Each structure stands twice: as structure tokens, then as C-alpha cells.
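Working notes for the structure below.
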């Protein structure tokens, strides 16, 4: 054991203390802005939003499905390591799982603040409706978070035990508690963990694809009152764009955390593998969206055509052309096109960031345009742009996510202590 | 400050209409001055209080007021007034008792005797005179919220004690066999004749005042469609309440089953369960659901939120922040609270062209069932499969 002990170096957290202070200051500002906006939201009620009965879903719903997507995508990237055992991916296994958990927590915060009666947020667990996609979804989210936490536990437990072994006092108890007291670092205990990690992953894959994110797509697609959403391809695109954003997120935080926290050099092969994955997802996402658009326009259904006109030429068309097409497809595709760029960490951070921001517009363009068109001729058209309260609360909830992620990254052995792949 | 009321040479009288019970006048004096010069005025008196000016001189002397001959009008009214004894002689009941009750009722109105005294005086005599008919009828002086006699008196009365609302709701549940409102066990349906609709929007207004809906919430709207080009233009007005669908998409999507179909066909919302997720708002193909953002008409009407409608038969008291239905979804309930007491929905009752009809769709003899069966009948968005219980006549 003594030889092993010297092999594992555990020093999570920022390498540079000035960077730590600066980063926490930024996150603190985001959270403070969010806290004030949330105060306005709580006291002013839903009237503090620009939502109406014509456009009842807005920024909060868009961010909610965005973070569910990020989570599902990040989780599926993690399964490449722990279920499909793709070579060289174990390095980012916990990273992806932890990001998936935080994203899901942020997603649920967005759902919560969006409720007209926030005090009744537990009602869906008391009363249900079998035919309601949303009723199923809230249960799927809880089950999914359970799976994510279980997986992260089995993936990280042995390192928690190792850290507990080498520390003392409060820190020892903290890590021992996180390991749920299982402090055995033997080969058998590791094999046990890996077996259960894989099992949880196998349950998690269909849960994430069909229930969590596919289900969130279904939530929209069942709405026959909105022809723009009411298509079978819609939930599939949801899953693909989730994979796209999740992969981009994992790629980005892999580079940043390796550089800024571990002080290691980035593995160019792993980076290239993630980058190629990203290329594949961009192509599938763009192609399926094109098919969906073509079917909608070819149907000559006036509602469909007018909705697409709103998206492409309406007042918010910049979000479609610049963010959706530009930031989530074209710009990252350019950055991913050259092999040497794919192996350059800074370029890949830019590509990842571009996709992660671009997909926000994808989510907004899912939620809002379908509500601009009235459900019946003679009813008024909708228009919507979030208020400062909506932006502020959104920024705050994202800040909470960043804070939780950073705290986790500073304390948990998210990078396997043994280096890369499972020993 | 006041109304320009009239003028005598060199004098202008301004009358200010406040406060109640008195009239104030300003009298200005205009000194003689050359023609064309800017008028200068000097107020002669401070506020002069003129009490009961109109009764004092019958309005004759007030400049600018036409003399309507008040005395003549009074005489005409007196002339038309039936003789109480003659009228009461035609009915079986005791004429003396009737006249005396009527006279004392006027005394109550003038405040000379109290409601309590009145009913204590006549309760026994009325019970004796009218028997069961008196005992079983609610007394209008006894009413929840607007009772004009004391509780002790109300309880001592031998007539049925209870508010008009409760008693009428009970008596409404009598099956008259004709499928009319109040027969019980109906499946409510509405038929709107588009040929009769003139697009006056009074259904929308009646609905808002009946249901006391806040700004941004309108259970009923009239969709106005114009087709064609000038001069060949046609216009259709399509009033749109909640369709009370047989297969309601809103019920389908509600994650907490806060909205559901009732036996009488109405789609209910349980405000105590609704979490305000607005999924039903998204799912409704008719745009019939509205979110209550908590706005009020306080700027327009003082105390606008104090009176609310007992929607779905539940009286929730005054409108307060954080209290349902604020933060909930709302929609037309076919005025369930009115149906329960045997009344038509407000929009049906108010419709100037009698375009809206309410009744039992399951009773083949009812007007609405027959209209809904006619070749002119159609539903909105029939291909959605929602099967609305609101029918339109082409």
C-alpha cells in the first residue's frame, strides 16, 4: 500500500490562487444578481415576467430543457467509458457524471421558479396523471438523478477511500462519509464497484435517452395544438442536440479542469476523440433539423410555414442564424475541421463554448416560436422577450450551478487518482 | 372645479357637485368693461352653501335648468299607482295584513323601524296566513353576506332560514322532465348560432363581470374574422368560451390531475391543487386557458379584488397575493356556480341576439341537443379529436 500511496497525488482545486479568487468573485456576482432577481420574482409573482397567457412558456422553460439536455448529453458521454469501455475515456467519466448531476439540479431550479405556485412543487409526487408527459418526466428526473449519483459513487468510491486513508480528522470523516464507509481499496472492492457502475449505466442509458431527454421532447411533441412541436422526429432531435451540447460541455470542462485544477497537460488523443464525436453529432443534428424543417414546409400547413417564417425572418431571427446555425453548427465545425486544431486545447475550448452557447438559442427557438402563432385564427399573436428579472434569475441559477460544480471540483477526486483508465 | 351653470348679466354661477346632500355655488362678478377686452372676474362670495336648492324653488329659479313640471310628474305617478286595497282584493290572502305589511315595509325602507321589529311583528301572522308556502320560502331579509336582520331574529322566524342562493340551488335540483337548466344529471352543452351573433362582445363583458376575472384573463372572447376584399367583404364573429371537450388535451397533460372532467361535462380546475406549470395552457387547441398573473383592476375600480366569483361552487373570499387562483390557470366553467342554482351562464343570459343556448346535450328533447344535431351544427377544430361540447351553427 505504501508504494501506491506515493503514486496517488491528490490536490484538487485551482492551481492558481489568484484565479480562484477571481473565479469565485465572478460566480459570486452571478449568484448575487440572481438572488436579487429571485427576490423580485418572489415578491412580484409571475407578473415580473414577460410571459402571457398567449406565450405562457419562456426563458425559464428554454433553460430548463437546455440543462436537461446538457445533463443527458454529458451522461451519455460518461457511459462511453463505464458501459461501452471506449479506450481512453475513463479520464472524463466522473467529470461527465458530475457535470450531469449539476446540470440536472440547475434544470430543476428552472422548473421550480417557473411554477405559478412554487410552494406546491412537491404536488406532482402526491397526485399524478398517467397520460401526462410532465407527470412521467418529474419521476424520470428523480430516478435519473438517483442513477447519476449512484454511478458517480461507484466510479469515485475507491478514490474517496484512498483520500480518506491519507487524511485525518474532519477531512477524513468527510471523505469516508462520501464513500459511505466503504473504505476497502482492494482489487475485489474495485471490481465490485465497476460491476455496479456498469449496471447502473445500463439502466441509465435508456432512462436518459427515452425518458429524461426523449421524454422532455415528447412533452412538447404531444402538443397537437402546436404543429411545430407535434412531430415524431422532434424528440429524436432533442436527444441528438442533447448529445451535441453534452459532448461540447464535457470537452470544454475536461480541458479547463485539467489545465486549471490538475495542472496537467491535456491528452490530445482524448481531445481528438471527443472532437470527432462532436463532429458526428453536429452533422446528425443539422441533418435531422433540416429534414424536420423540410417536412414541415412541404406539408404546406399554414401554421408550420408561418412558424418557420417567424424563426427565419421574424424579429428574433438573429438567434436562429447567428446562434443556432452559426454558433452551434458552422463555427464549431470550422474549428473541428483540422486535425491539428482538434488536438489544440484552446481551440477545442472555443469550439465547445460555441456549441454550449449556440444550443441555448436552439432551446429558445424550440420553446418560443411555436407560441407566437395563435392556435386559432382570430386570436392574438404572441410576442416574447424575457424581462430583466427572467434574465437575472437565469444568470443566478447558472451561477449556482457553476458554484456547485467548482466546489465539487475543488474537493472531489474527479480525476482518477490512478491517472487515466481503470487500472 | 365645478360646472358652468348659467349666467346673469355680469355674473357667472359655477356649481360644484360635491359633497353629497349639498350644492355649492361660486358666484363671480364681471365688471362692465369695453367689448373685446379680456374678461376679468372677481369672486363675490366664498363657497355659499345652498341646501336642498331644488326642493326649495322647484328648480324654476335656477338658470339653465328646464322646468320639467315636477308637480305634474308626481301627479301622473300618483294617478298610475294602483290602489293597494283593490289589488289585494283580487288575491285570497288577507287584504288588511297585506296593506299593513306594505306600509310598514316602507317604514323599514325609510329607517323608521328596524328589519328585526318588522319581522318579529309579522312572522306569526304571515305563517298563519300563508302556511307552508311561507315556511318553505327563504326570507329575502336572511341572506349570507347581505342579511338585513339580526341572527337571533333570523333564527326565530318560522320561514325557511337560509340564503336565497342555497335555497335556490336546492330547489333547482328538480327534474322537470324537459331537460332544462336545473334538472340535475345533465351533460351541459352550449350552442352558439353564428347567424345571430352580431359581434357586440357583451358576452365577453358579462363573463368578466360575472366571474370577476383579472386583467389578462377573459374566459370568453369573440374572434372576429374578415374575409374577402372590399367591397366583397364578409365578417364572421366566433365567440369562444371553453369548449368543455369530451377528450380534453388540458386534462391529458396536467401532471397533478388538477384539471378534470366532471360528470356534468364541465372541465373543472382545482385551484387548490394546480401548481401553475401552464402545460394545459400550451396544450389547449382553443387558447381557452389563461394564467392568473395576479394583476388587478385596482387602478380602475377601488376594491376591485374584494368581491370574487364562487367559481366551481367554491367561495374563496377576496383576492389576495399568493392565494389561489393567483398563480393558477383559469378558464370558463360554463358558470358552474350559476348552473347549480338553476341559472344560465352569464354569457347566455346576456346575449342580445339570443345567439347562445345552454342545456342538456344528452336529453334528445332539449333545444341544444336538437340544435347540435342539425345540419348547420359544427365544432371548432373537429379533426383534433377533442369533441367539444360547444357547438356552432353555421
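Every residue gets a Cβ built from N, Cα and C, even glycine.
The transmembrane segment annotation in TrEMBL covers A:21-39 (among others).
Residues annotated as transmembrane segment in TrEMBL: A:59-84 (among others).
The transmembrane segment annotation in TrEMBL covers A:96-113 (among others).
Positions annotated as transmembrane segment by TrEMBL: A:133-154 (among others). Here the transmembrane segment (A:133-154) has long-range neighbours at 68, 71, 75, 78, 82, 94, 97-98, 100-101, 104-105, 107-108, 124-125, 180, 193-194, 196-197, 200-201, 203-204, 207-208, 211-212, 215-216, 218-219, 222, meaning same-chain residues at least 6 beyond its ends whose C-beta is under 8 angstroms from one of its own.
If one looks beyond the transmembrane segment (A:200-221) by at least 6 residues along the same chain, the residues whose Cβ comes under 8 Å of a Cβ in the stretch are 65, 68-69, 71-73, 75-76, 78-79, 82-83, 133-134, 136-137, 140-141, 143-144, 147-148, 150-151, 154, 229-232, 234-239, 242, 366, 370. Feature annotation from TrEMBL assigns transmembrane segment to A:200-221 (among others).
Residues or ranges marked as transmembrane segment by TrEMBL: A:233-256 (among others).
Residues or ranges marked as transmembrane segment in TrEMBL: A:277-298 (among others).
The annotation transmembrane segment is assigned in TrEMBL to A:318-336 (among others).
What TrEMBL lists as transmembrane segment is A:348-368 (among others).
Within the same chain, residues 23-24, 27-38, 40-41, 44, 48-50, 58-60, 63, 67, 98-99, 102-103, 105-106, 109-110, 113, 253 sit at least 6 positions outside the transmembrane segment (A:388-407) and bring their C-beta atoms closer than 8 Å to a C-beta of that stretch. The annotation transmembrane segment is assigned in TrEMBL to A:388-407 (among others).
Sequence-distant contacts of the transmembrane segment (A:318-336) (same chain, at least 6 residues past either end, Cβ-Cβ under 8 Å): 241, 244-245, 248, 275-276, 278-279, 282, 285-286, 311-312, 342, 347-348, 350-352, 354-355, 357-362, 364-365.
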